[in-house]
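To start, the structure itself, in structure tokens.
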Amino acid sequence: MTKIFVLLLCLLLAPSSFVNCSLEKQKIGIFELKKGDLSLKVTNWGASILSLVLPDKNGKLGDVVLGYDSVKDYTNDSTYFGATVGRVANRIGGAQFTLNGIHYKLVANEGNNTLHGGSRGFGDVLWTVKRYQREGPSPRITFSYHSVDGEQGFPGDLIVTVSYILTGKNQLAIIMNGKALNKPTPVNLANHAYWNLGGQNSGNILNEVVQIFGSKITVVDSKLIPTGKFASVKGTAYDFLKPHTIGSRINQLAETKGYDINYVLDGEKGKKIKLAATVHDKKSGRVLKLYTNAPGLQFYTGNYVKDLKGKGGYVYRAHAGLCLETQAFPDSVNHPNFPSTIVTPEKPYKHYMLFKFSTKATY
């Protein structure tokens, strides 16, 4: 009875004030943050983004995130719509790695490899709501998850938190933290929202103009596992150093049916936070600028989305949305020349993202 009362208290007080909503057991819920014309809905299932509503160049509001009408649909989703993926986002070759002389075998869920943490990664578990403030100068919500030693094969207990914060004008900050409790472990969290700045039901994203501030990619094999080598993007289909539409070169990538590659972000020397990418939808006028402290960015164009019934009954098909997943490099645990993803009790994990939305293109 006490837990029911606290949950009701959370729901009643959250719209007007801050409340600690930590409970031993929580049900799947939907939580809204609102500031001005910007409105974000998230769920504690997978600490996932459900929707983001903001104005276009004419002031018309629209939802720019792909997803479902019912939160229950996210529990059976295989596209990772809006999810926080981990313990290690992206791929680990052979579903295995060796750390400090100990060999770890993981759960393989994409052929012989591990994708986004395994068959039951962080996007497929219920997180705890630790803090919720619906409105005010900086509306925010913080989710927490305790990943136990051996979960999906990964070593050590790990506490992770994900905070969504509306800040400034039409800005969304995502802050991810992780603390290893007893063993060194790899950690690489990413947000897997599918964006369509024209609106989630506006068609494909092939006419959206993208710029990615990464002059190299991590070279991959036929299974999208990094080889450990880097390649320049200049003069290739992966070259977004200058803005151009997604569709202008996508046909050169027949094998993957579109973009699904990690960019090595350039950044400015001495600055931890760097501009990773910009996206511009000319029809709606909406512009997205993404900043991060992560070394990499996975650019994915929804190549394998096929006839998925989404919000309002709209059917999503290939290239209905794009993902901008700031991250450590894929398969870093098996490549000593990649930036380390190992977190220890003395060395916590920190990952920042800032999405700035406007209707002003800068090119």
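Glycine is no exception: its Cβ is also placed from the backbone N, Cα and C atoms.
Quick look at what TrEMBL annotates:
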ACT_SITE  His192  active site, proton donor
ACT_SITE  Glu325  active site, proton acceptor
BINDING   Asn90, Arg91, His192, Ala193, Tyr194, Asp260  beta-D-galactose binding site
SIGNAL    1-21  signal peptide
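This view paints the features noted in TrEMBL onto the structure.
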residue	record	CB count, 10 Å
Asn90	beta-D-galactose binding site	29
Arg91	beta-D-galactose binding site	22
His192	active site, proton donor	22
Ala193	beta-D-galactose binding site	27
Tyr194	beta-D-galactose binding site	26
Asp260	beta-D-galactose binding site	18
Glu325	active site, proton acceptor	23
Cα-Cα, whole number of Å: the residue listed as 'active site, proton donor' versus Glu325 (active site, proton acceptor)?
6
At the level of the C-alpha atoms, what whole-angstrom distance separates Asp260 (beta-D-galactose binding site) and Glu325 (active site, proton acceptor)?
10
Give the maximum pairwise CA distance in Å, whole number, for the residues Asn90, Arg91, His192, Ala193, Tyr194, Asp260 listed as binding beta-D-galactose.
19
Do me a favour and check the Cα-Cα span between Asn90 (beta-D-galactose binding site) and the residue listed as 'active site, proton acceptor'; whole Å is fine.
9
Nearest-integer angstrom distance between the alpha carbons (Cα) of Arg91 (beta-D-galactose binding site) and Glu325 (active site, proton acceptor):
13
Could you give the Cα-Cα distance between Tyr194 (beta-D-galactose binding site) and Glu325 (active site, proton acceptor), in whole Å?
10
Give the distance between the Cα atoms of Ala193 (beta-D-galactose binding site) and Glu325 (active site, proton acceptor), rounded to the nearest whole Å.
8
